[in-house]
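According to TrEMBL, the protein carries these features:
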DOMAIN    23-175  domain 'DDH'
DOMAIN    255-337  domain 'DHHA1'
Amino acid sequence: MDINILTDTEAAMLQELIAASNHIVICGHKSPDGDAMGACLGWREYLCSLGKDAVVVLPDAYPDFLHWLPNSEKVVRFDKNQERATKLFQEADLVCCLDFNAPNRVEDMEKALVSSPAKVLVVDHHLQPSFDDASLVVSRPEASSTCELIFRLVWQLGGFESMSRKWASCIYCGMMTDTGGFTYNSTDPIIYFIIGELLTKHIDKDKIYRNVFNNYSSWAMRFRGYIMSQKLNVLDDLHATFYAVSRREMEDFHFIKGDLEGLVNEPLRIKGVKMSISLREDVERDNLVWVSLRSVDDFPCNKVAQEYFEGGGHLNASGGRVNGTIADAIEIAKKAIYAYAELLKK
Ligand code: 5GP
Ligand code: MN
């Protein structure tokens, strides 16, 4: 199966870009998920195998269920080590931006990123990449995950043979998490070709699944149950749902990052529901509500995210924010659902 994604010219460019760089910073988006983490750590393994000095720098914390990822402890967090992270960006000769389509997706780390004198490589699967002056942009919105793209790049550059089990586990993790355990956005046969190859590296795919998806604390389990039973609004006729979670509730349930990961998918299990919206107050900042949207079939939740929540994303998985109170966010969510009533009812 031909899984190469670059033209020969692009592959040569990438090879040159790497060859000419010794200090490489790899970064992912704010609130890194399994794909961002897997891609960054997997790509780091590749660069290290070439003898490069490569460091993963992320804007903030990653969820507890990703702590098992090999070398995750070496990640430099911008929010905790601003000085060190800024210095790494300043001294880098190559910055690799993985799993995000625009510099502002790293939030507070944006300035450090854009003021780096380094060349920039982008590898991503979100729509509309917007990086000025990147040396090479590998943007494939049709791909399941950035990890899939990283695998295909490594394959094309001849790095597969030296891929270790740990490295393969990072790649598998991102492919698995961005497709909900291969339940959506995962019909391309190439995905299963890649999985077959990763299995030859003896990854324990069942354990990876359990590490990621069966890793709740009892508080998280109760919190998720509480939200589904007490906080879910189901607009039956409009085939849409939303729930809003306040900071107070997060405190009550001893919330830590990752506890509500993926919960927004849950209401889609209700027969007929086409769109689910999650609204969650920021744990620190007032007047900031984080929004996650999920949809099924051809309903474009990324359009809703763009029009109502200053965000965007994929057709069926997108996000954004409301600069306002949780009550404001609820009003906007209702407004958005009613505005899309015709399409939702179809
Ligand atoms: P999540 O709900 O997991 O935070 O985000 C779902 C998807 O939407 C992810 O692929 C994420 O990258 C994308 N997304 C989340 N927030 C934003 C945003 O503010 N802008 C854009 N363009 N995409 C977003
Ligand atoms: Mn991704």
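Cβ coordinates are placed from backbone N, Cα and C, and glycine is handled just like the others.
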Mean of the pLDDT scores, which run from 0 to 100, over the domain 'DDH' (23-175):
97
Helix, strand and coil totals (DSSP H, G, I; E, B; other) for the domain 'DHHA1' (255-337):
28 helix, 22 strand, 33 coil
